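Record features, source TrEMBL:
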REGION    1-30  region 'Disordered'
COMPBIAS  12-26  compositional bias 'Basic and acidic residues'
BINDING   Gln394, Asp444, Asp498  S-adenosyl-L-methionine binding site
ACT_SITE  Cys526  active site
Amino acid sequence: MEIANVPVAEAEPEKREHCKTEDKNDAMGGNMQGEEYAYLDATGFTSELFKIEVRNLPKYYGIGELKKLLNVKMKLSTNKIKIMKPGSPFIFICFRNQEDREAAIKSLDGFKWKGKELSAFEAKPAPDPLIRRRKEASAAEGEPLNVKRRTVEASATSLAYLSYEEQLKQKQSEMENVLQKFAKELWNSIPTLRSYVEKQRKDHGGLPCAFEPIRPSPLTDGYRNKCEFSIGKDAQGVKRVGFRVGSYSNGFLEVESIVHLKHIPDCMKQTVTLFEEFVQASTLEVYSAETYQGHFRQLTVRMSHATRQVMVVVGVHLQSLSEEEQKAMKASIVECLTSEPGKKAGICSIYFEVIQKRQQGQYINPIEHLYGDTHIEDKILNLSFRISPQAFFQINTPAAEVLYQCAIDVAAPDKNTSILDICCGTGTIGLCFAKHCKQVLGVDIVDQAIEDAKHNAERNGVENCKFYAGNSDDLIMSLIRNANVMSEQQESLIAIVDPPRAGLHIRSITQLRNARGLNKLVYVSCSPQSAIKNWVDLMRPCSKQLRGEPFVAKKAMAVDLFPHTPHTELVILFERDMETETVTAPDPVCDEKVNLEPPAAIEDTH
């Protein structure tokens, strides 16, 4: 999955929302003094006033199941859940009023979840981190304490100072460290596997499985086909379109130029320069994370390596702009981006995105097509793919070819193989597998991505792929039923999973483990550190929840999709011993009733 452009997380207190509250000081149990708490008295509402802390959480839990516990099972009216890190034993939960906060404390304090008795109590509002850092800087007569200001090059391309050969050596070593950590976790959490782990370590130089040399990216400079640029001001107060070099929490909000960054293609740099000049000339202000005022917030640019098309998505906060003012803004954006410099950059598609606080169940912001093509196209392994403005597509197209070919090689499907493409996105992996197997069944939670996947199948004349919109946690068993694999006819089933950075939910892991006839699984991870828990769960012994025979890690290989950055994709092949697999019925708890169409080929309309 895609990696953020600048590896610095923004964290800011929620200062203003849509409703108001009375007597803030009484609600938070006492008067808070000082600039760091001034936002509490600002006009508007902040859920920081009604925050609780919950402690003694279980070691393993997912944010999805936690939200389900709080909002569905316990029917608590949460406004925001703040997790310190994945698996943290404590969290903060914010509410909209004192009544909801008190009800939550009453319900959660002493509640038993996953063998742990929770404790819940009121928590004080968080101080404004930006003001806190500025006070530290003033006291120290310089930079905020313990925070070193980084250049945009160091933030976005921290390995660019090394030769590419040295970058690959470092990444190979880092992935070896991840696999060693994986082996250590297996040893600590699954005592019955200790003899196996020791044998694997002995055979593979301390690693839990064979590890092949890292595959380099065919293109090292200008490879990114998508970037999300921030719009703000630099240290001198000049309006900029580029990358933020700090975060709200460390006291730096400056946006710096990206013109010297190696991984951004020239067409994107030209587009950014053009739009930066437009923003600087505009009477409308850039958005401020400190005041929540201003309009221009973000510029997303996508490009195609195959066609050189450029798509631009302008993200704005409408604030109090009238309909006429909005119409004028959109017209001026189109006029700017379709000018001669815009044509030279390759801009052929323009969208307008309204950035706003998302409601529950809303995954994307409202977006409006303003000009030109509605999609752009790129190619992977001689297949054409339609890319919509908000769909996922690997950000390094040439290296994606290497990654997908590695997945095909390690999976080794044949004409009797059915492929489950979990988190399929626009169908890139599944369609690349299609000519090597009997059929592909894909699922993704983003409706637009599934529409793109279906179009891509038709566009390429691929008739053995079927794609479904929905949560993979709910649909895996239904996909397996639709695959209709007949083992007596030497048919096989292979799962390809390419999840978001956080990995798969335990429910998906459970269904994959319990799936009858699924003896091979290829796990593609863009965040290997985060995926270790998934890998361990795949290898756990049989239990009431994980009733299918465990998988075993057989082979791993790294692919560099992100030159000049520390990020690496890791592919691991897991297999089950087909001779000893215990065939069990699907778990009725997991096997939800989901209406899917029966297996059918997609007709070629071209």
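Note: Cβ is positioned from N, Cα and C throughout, glycine not excepted.
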Sorry to bug you, but what's the C-alpha spacing from Cys526 (active site) to Gln394 (S-adenosyl-L-methionine binding site), rounded to the closest Å?
10
Measuring Cα to Cα, how many angstrom lie between Asp444 (S-adenosyl-L-methionine binding site) and Cys526 (active site)?
17
Could you give the Cα-Cα distance between Cys526 (active site) and Asp498 (S-adenosyl-L-methionine binding site), in whole Å?
8
Restricting to the record's S-adenosyl-L-methionine-binding residues (Gln394, Asp444, Asp498), give me the longest CA-CA distance in Å as a whole number.
15
Including all protein chains displayed, how many Cβ atoms other than that of Asp444 (S-adenosyl-L-methionine binding site) lie within 10 Å of its Cβ?
26
